[in-house]
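Enquirer: Features from TrEMBL:
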- 90: active site (ACT_SITE)
- 260: active site (ACT_SITE)
- 103-108: disulfide bond (DISULFID)
- 251-255: disulfide bond (DISULFID)
- 293-327: disulfide bond (DISULFID)
- 72-363: domain 'Peptidase A1' (DOMAIN)
- 1-16: signal peptide (SIGNAL)
């Protein structure tokens, strides 16, 4: 299944679409499993999927978490001449940051580093940037430079130059993050890239892609279901319920969900997740939600009811096959009442993030 999503200033903008191909890299978990380090890693750095949405960190810092299953990234460039970086396009955060030559953390030493001295368009800011993770933090400074996204030059874009990074970043394929959430949650008040695109009057995903500016019918099957945001900090919407075989099994009476390209799984409250996993035949082994790979074809679909429409995940979508741990479910527990609709969900649906109408659009992906 190809994965595509759109960030747009307007609902329909046919001219000048900017497309950034998304590539799938080896996940941190896959790398750690190959090295025999996964068990040690997951105990030392427990996964907290809701960390970046915790209101306790809403002012001054932008929390993030160590998601070992993130796989998709796109390439942007910063500076003149351009310096290339692989970034995760993250609708659950708002800052752009990359490793820099000022950083000597192990996580920086095996990734591309931005060198301000090598760019004629760099402008120093120097203000501190501190982004919290579930297991540590990224600290750095802010600067300005030209950022190239899909061939469009975003001039004087403020971004973070890391000086230290959390240990888990060493195992993530991407170099940094490009946040696509709202400015209100941006650390240090830094203007997000897409906001700068709009301010500069630049109305803007082959394979998996991210598209800036308008929708691309080559990647979805109509119709598009438009869902109003229930909060304009993240891309947060209201879900009606979740059903299996027509029976409500989670989100009874409605619940809140954040559509997040920076989360790999579908995350929900413990009791609801346990109920879903039980009904699809999950057993817990060494803290992992495992299923028999032979049972995948017989597993029931899981259907998300949103805005009166049905968005169905077949078992082939929500079961992950691993080399060393067999088959695992894509449903995991969070520490909050909100749900996170991550890659497991988004690979099945073309998702659109409309800043003009403050809505999320979903359509079946081609």
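Glycine residues also receive a Cβ, built from the backbone N, Cα and C atoms like all the rest.
Could you place these features in context, so I can see how deep they sit and what lies close by?
Expert: A 10 Å cutoff on Cβ-Cβ distances gives residue 90 (active site) a total of 24 other Cβ atoms nearby, all chains included.
Taking a C-beta cut-off of under 8 angstroms and a sequence separation of 6 or more, residue 260 (active site) has the following same-chain neighbours: 90, 91, 92, 234, 235, 340, 341, 342.
Cβ neighbour count for residue 108 (disulfide bond): 23 (other Cβ atoms within 10 Å of its Cβ, all protein chains included).
Sequence-distant neighbours of residue 327 (disulfide bond) (same chain, six or more apart, CB under 8 Å from its CB) are 290, 291, 292, 293, 296, 319, 320, 321, listed in sequence order.
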Enquirer: So if I draw a 10 Å sphere around the Cβ of residue 103 (disulfide bond), how many other Cβ atoms end up inside it?
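Expert: Result for residue 103 (disulfide bond): 22 neighbouring Cβ atoms inside 10 Å.
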Enquirer: Just checking, which of 251, 255, 293 (disulfide-bonded residues) has the fewest C-beta atoms within 10 Å of its C-beta?
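Expert: Across 251, 255, 293, these disulfide-bonded residues, the one with fewest Cβ atoms within 10 Å is 293.
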